[in-house]
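Swiss-Prot has this to say about the protein:
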- D121: active site (ACT_SITE)
- D139: active site (ACT_SITE)
- 66-86: transmembrane segment (TRANSMEM)
- 91-111: transmembrane segment (TRANSMEM)
- 132-152: transmembrane segment (TRANSMEM)
Amino acid sequence: MLSLKYRIVLGLAAVVMLIDQGTKWLVEATIPFHGTVPVIHGVFDLVNIRNRGAAFGFLNRSDIEWQFWLFLVATVLAVWAILSLTRASKNEPVLYTAFGLIMGGALGNLVDRIRYRAVVDFLDFYWGEWHWPAFNVADIAICIGAFLAFVAMYRQPSPERGNKE
């Protein structure tokens, strides 16, 4: 049987991946490709777009074919690193939560990359002419996970700070 730390990481990753894929399925079933559904006029729309790049549109260019392989390898390495760090860590529930969120988000976006060679993005925030790049549930999970990992590592005692919290 898997230890509690692996159950936390893998269980949360599975939940994130299912929510991510479920929301993307709902968007694809209800919003035409490149369609827009206004939610809060002038602030927030639901959209159905594809992003071939990384988070927030980085490397989102159709003329770059190698980015699929880059993101595939990066996801495999991230999952391997998360499992290795989980094995090496001792009783760190915040860190396990962070790892589960990051892994679930990475795997959710990987499913899209395998299906479409792009990621389905649907949350679009803007103000006037300013637009934040569209994103999805997987991106949210990765960002929250990265923040929690930072918090967990910052809380670790260091030789310079001693064991004070």
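Each residue's number is its place along the chain shown, starting with 1.
For all residues, glycine too, the Cβ spot is worked out from N, Cα and C.
Through the fold, the transmembrane segment (66-86) approaches residues 5-6, 9, 52-54, 59, 95-96, 99, 102-103, 106-107, 109-110, 113, 117 of its own chain, all at least 6 residues removed from its boundaries and within a Cβ separation under 8 Å. Looking only at other Cβ atoms within 10 Å, the busiest spot among the active-site residues D121, D139 turns out to be D121. If one looks beyond the transmembrane segment (91-111) by at least 6 residues along the same chain, the residues whose Cβ comes under 8 Å of a Cβ in the stretch are 5, 8-17, 20-21, 24, 71-72, 75, 78-79, 82, 85, 119, 136-142, 144-149, 151-153, 155. Across the structure, D139 (active site) and D121 (active site) are spaced 9 Å apart at their Cα atoms.
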